[in-house]
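Here the structure comes first, spelled out in structure tokens, and everything after it is commentary.
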Amino acid sequence: MTWTNPLTLLRQGWARHRDRDRPVRTVVSNLPFEDLKKRDQPNRRYEGNVIKTNKYRLWSFIPMNLFEQFHRMANIYFVGLAILNFVPVVNAFQPEVALIPICVILALTAVKDGWEDFRRYQSDQQLNNMPCFIFSRKQMCFVERRWKDVRVGDFVRVLSNQIIPADILLLHTSDPNGVCHMETANLDGETNLKQRRVVPGFSTLGEPFQPQAFDSTVVCENPNNNLNLFKGYVERPDKRRMGFGIDSLLLRGCTVRNTDDAAGIVVYAGQDTKSMLNNSGPRYKRSKIERKMNTDVLFCVVLLFFMCLIGALGHSIWLETFTTMPSYIVPDSNGNYTPSVLAGFYMFFTMIILLQVMIPVSLYVSIELVKMGQIYFITQDVELYDEELDSRVQCRALNITEDLGQIQYVFSDKTGTLTENKMVFRRCTIMGTEYCHDENAARLAVVNGANEEEVTIFQQTKLPPLFPLEEIQDCHTGDRNHANTQVTAANRRRSKVAAGAQSDMAFSSPLETVVVPDRKLMLEVDRQMASIQKGPYLDFFLALAICNTVVVSTVTAQRQRVKGCRTSAYSGGSFHNMGQWFRKASLRKVFSSMKFFRRGGDTLAEPFAKDEDVPDMFHSLDVSDSTTGQKVISSESEFKRRSEEVCFEAHSPDEAALIHAAKAYGFTMVERTPHYITIKLPDDSLLKFEVLDVLTFDSTRRRMSIIVRHPHTNQIIMYTKGADSAIMERLGNVFSDMSQVDSVAKQIAVRTQKDLDMYARDGLRTLCFAKKVISENEFKAWFAIRQEALAAIDEKEERLMDTATYIENNFTLMGATGIEDRLQENVPETIQALRRAGMQVWVLTGDKPETAINIAYSCKLLDHEDLVFIFSTNRKSVCKMRIEDTLGEVRRCSRSSGAEAQSRGYIQLVIDGPTLSMAMSDDLVEQFVELCKHCRAVLCCRVTPLQKSSVVKLIRQKLRVMTLAVGDGANDVNMIQAADVGIGVSGQEGMQAVMASDFAITRFKHLQRLLLVHGHWCYSRLANMVIYFFYKNVAYVNLLFWYQFFCGFSATAMIDYWLMIFFNLFFTSAPPIMFGIMDKEVSDSTLLSLPELYKRGQHSEGYRRSTFWIAILDAFYQSLVCFFIPYWTYNGSDIGIFSFGTPMNTVSLFTIILHLAIEIKSWTAVHWVIMVGSVLVYFIVTLAYSAICVSCNPPSDPYWIMHKQMADPMFYLVCILTTVVALLPRYTLHVLRGTLAPSPHLRARQLERLPPSYREQRIREWRGLRDTCIPPSLRSQEHSSSACPSA
């Protein structure tokens, strides 16, 4: 380990601190300063690339770990008592002995922390020593170094399939178009490729990269954790600036794909990289039980104070009773006796030391162990395992498992959470004419009816051959039906394995990619292609094909996973074999009856058919750039087959559905570069559009635009897609100009709006498409402003937004699409179960109200018999009036009779984003919250991510309820973090929601088992364990307290100190931990059948203040019995102090263990082993200690005392009688409660003993009786009521 001057470290740290305060980061090349010392280099103040996630060094582990542990007040308390015991006037027993309990606790925690930190250290070392290539000025080439050697300002080269070592500004790539493809699966879980482009002006085709010639300065923003935003500019020596954004930044931890090599300059390294700034580790939250437990610890402190005060006063009064001091009271060195008042003061602290176990120091460690065990069983639950994705539930917050059992409000996203987020193209409207795509609907109906698992098409390197050779031969030669059966079964087996692997392409299942064209629309497209080769229909499909961010590749352009050559395990004719199977499968029978027409009159091939020949590789096209307005036509006939095999890697399922729809009509994007897009038209000709600019989608504008130059007309055209409100409001004066009442444009807009409303009612997601022709002068003026905005650092986003808003107007509407997003399986059942469990379910979505309402009815969030109030207005006065009127109606419903309430049904609320903003204003928020409190369900539409989090915070703070938020996308992160428990769904939208969540699941249906089963178990187990811990400590420490009344309150203990320590550390520590991990109050099947049992956690019935005090009173009673029965038994005898205390210690152990046995609901072999083992360990340790401890605690030693006691029959009689008397009240209470007033959980356990058929009948009767007990007007407030008591 090298020595570094502390002053140097201080200067470097101060320099970095000053750098963070600067508004921007300036980076220059390190090459001119390569020979200088590190302190003289211009980039020295920036972080190096060494990653250090471990907290400790070998020399700093003990002090740092102790410092962290002493942040817990309980540890400070016990260390203070141990130190206090070293003061002679107040010590209760040997000072060294007092250190043992806290030292054991601190040591166990330190070992756990040290092991975790050592594992982090090993991971850091492995990462820091990975190889990379850094340019060296001395050797004038890229040389191999380690990741830890990379510095800001270095030039780094990354080869294909290598991981990027730092955040690198891309300056060169082997791709002739200056493009580098990057896979971010390690960062955000998205499997589709991201396209990065070289900073403008730094890529020269055919010339090698020369880092030594780089003489510019890079100015960028300071490090931040925003993965989607990066801004800065490169300043040339002549002061010219070229702006760049996130599309020029290679992110650390990502992998370069489909690019031979890429190079650039490092702008962020190590802890400053975006990936490390997003790596926050496990989240820490304080659970509801923990907050309540801390209050009860304070009650124990108060109780301890009064007990010590009684001891101090008693000792002082006892000393006053003596006229002369007895001989056993020793004076000080001067022969003086301590005054009684001062002796009582000293005794107060001595009693604190003696009774310190009243505060359960081991409770915190035990809770950590219990939660680790609970998390293990949650993650190992096979019912929560997703076989298709090969993923299990993730627990990212390690200390709020019990909060899963107390949820009262559930806030859910819609798209990707309730739905599959697999978009299926259903229908479209073009120029006011609607095309229903009945044939495609029939195909989807067949797919649904067949109930077959979707087959995800992976790259050829990912899977073995789809079907064995024998099965393929059977398909060709054997019986057709028999072969179909074999192939279908084989496919189902393989689909599970295939889906478990990580897909190379997102949104690529046949459900999403296969579109059957509408016959009438196909004829219209063919007519325009054959006659004028231009028109609104062609423009519409061109907009579908190019207005996106899709990356184009080919089926045979494999995304390699390892370096070097690799033999494909996928046979060359695999797609041919797949096509053969599809043509022989049962779906073919449906499509064989449908007559599709191809251009030229030929019959259109089956939708699943593939071309027979698959080329080995996709050669670059040799096409001439058309500047004369002529079409660019490929001269290679083989291109026709290659273009059929293109693959699209989309950033969202919407884009995938639209581009595959365009492909179905013959408009296929075959090539995409930063500057050009090539589209193959239905007649196999090619159009090569020059891309002038792309205005990406954002949640504020809610639209995306691409500006291109048309190769035919040389016009500058902007194609735009977006939400209907974002497009319709920018159609110019179509609706406002009264002179255009009968204009064609207005008629098209009106008809299109009607079709959009119909799509929304059908639950389809809608998008509008429009175009605008821009003049050359207008574009040049606008583009200059745009470039200035791109090169800006301050207010860059606002300036870019202003430029986009300025150009996006006066659109010409072309049409709209309707895309279906299907519900996930068992969503209605899950929502119904959550409601029966007393939870209020809210859905917060950005979709149109009509679409959201349709989905809400489909998933049973809304019911047709319910009373639904829809709020949608732009005026606050109207909003206030609606809320007041509705709230009055709701109050009348609550006061009405049961028959009237039964006829009205439940109350539901639907509200859109603008109205929600007004309802949450200061003057309306109280009424709005009261209205929501009476609603069974609330559906918020057109809401922004910020509104989602605001709604969650509002309900959580105003109603003081436990909230849970579940979502799958980046727009749900704020909502997830605002809730008490955040659930991320690892679906099609990447891992942003998962990374911000406390728990992660793969399907919405898993929420039912996670809450109703594991949430219930975790809450009841931990609540019972915490109550038991308080009881155990109070019951044991009171033995010492009662003895003080017979020893002059002298803080004398009748139990050996070592046995007292062992009692809590070893003899009684394992049973409560086992109880907190493994006890099952009710089985999982019963909990799922009777969701009403979940309400116990919502009402905190397992851990109430009354439950705590009842346990404390029971502990006082049992301690009295355990003390006085042995006392009366041995009163008047001549036994020693430890002979008197040993039966009490043994009886206390039996009582505490059997008390837990009464509370255990389900016995397993583990329970028996630990319970019996604890008793055996007690006797073995006590016997051994009594045998070897000759002079451990003079003058009274426990030598051979246990052996003598066990030889006396009176010892056994005392143990049996005392234990029975101590536990008799608790056992009697359990018997009477189970007989006269059984709890719902007890009745549920009784149902489990019944035969299956009779049990199902009783469960149905229970549900029916429960429904009749609660009228509909009150069911909306189920979270405040319990299950029907007489069920």
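Including glycine, each Cβ sits where the backbone N, Cα and C put it.
Please treat TrEMBL annotations as automatic predictions, because they have not gone through curation.
These come from TrEMBL:
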type: DOMAIN; residues: 41-97; note: domain 'P-type ATPase N-terminal'
type: TRANSMEM; residues: 74-91; note: transmembrane segment
type: TRANSMEM; residues: 97-115; note: transmembrane segment
type: TRANSMEM; residues: 297-318; note: transmembrane segment
type: TRANSMEM; residues: 343-365; note: transmembrane segment
type: BINDING; residues: D413, K414, T415, E655, F697, K721, R765, T845, G846, D847, R942, K948, N971, D972; note: ATP binding site
type: ACT_SITE; residues: D413; note: active site, 4-aspartylphosphate intermediate
type: DOMAIN; residues: 994-1238; note: domain 'P-type ATPase C-terminal'
type: TRANSMEM; residues: 1043-1067; note: transmembrane segment
type: TRANSMEM; residues: 1108-1129; note: transmembrane segment
type: TRANSMEM; residues: 1135-1158; note: transmembrane segment
type: TRANSMEM; residues: 1165-1188; note: transmembrane segment
type: TRANSMEM; residues: 1210-1229; note: transmembrane segment
Is it the case that the transmembrane segment (297-318) and the transmembrane segment (1043-1067) have 3 or more CB pairs under 8 Å, with pairs at least 6 apart in sequence? yes
With the cut-off at Cβ under 8 Å and a gap of six or more residues from its ends, the chain residues touching the transmembrane segment (1135-1158) are 1028, 1031-1032, 1035-1036, 1039, 1043, 1052-1056, 1059, 1063, 1067-1068, 1071-1072, 1075, 1118-1119, 1121-1123, 1125-1127, 1129, 1171, 1174-1175, 1178, 1182, 1196-1198, 1201-1202, 1204-1205, 1211, 1214-1215, 1218-1219, 1222-1223, 1226-1227, 1230
Quick test of the contact rule: Cβ under 8 Å, at least six residues beyond the ends. What residues does that give for the transmembrane segment (1043-1067)? 92-94, 97, 100-101, 104, 310-312, 314-315, 318-319, 347, 350-351, 353-354, 357, 362, 1033, 1036, 1123, 1127, 1137-1138, 1140-1142, 1144-1145, 1148-1149, 1174, 1177-1178, 1181-1182, 1185, 1189, 1192-1193, 1198
For the transmembrane segment (343-365) and the transmembrane segment (74-91), check the count of CB pairs under 8 Å (sequence separation 6 or more) and say whether it reaches 3 or more. yes
Would you say the transmembrane segment (1108-1129) and the transmembrane segment (1210-1229) are in contact under the rule of three or more C-beta pairs closer than 8 Å, pairs 6 or more apart in sequence? yes
Where DSSP helix means H, G or I and strand means E or B, what are the helix, strand and coil counts for the domain 'P-type ATPase N-terminal' (41-97)? 24 helix, 0 strand, 33 coil
Please list, in sequence order, the residues in the chain of T415 (ATP binding site) that are at least six apart in sequence and whose C-beta is under 8 Å away from its C-beta. N421, R765, D821, T845, G846, D847, D968, G969
Between 0 and 100, where does the mean pLDDT of the domain 'P-type ATPase N-terminal' (41-97) sit? 84
The record lists D413, K414, T415, E655, F697, K721, R765, T845, G846, D847, R942, K948, N971, D972 as binding ATP. What's the largest Cα to Cα distance among them, in Å, rounded to a whole number? 25
Do any residues at least six apart in sequence from F697 (ATP binding site), in the same chain, have a Cβ closer than 8 Å to its Cβ, and if so which, in order? R703, M704, G722
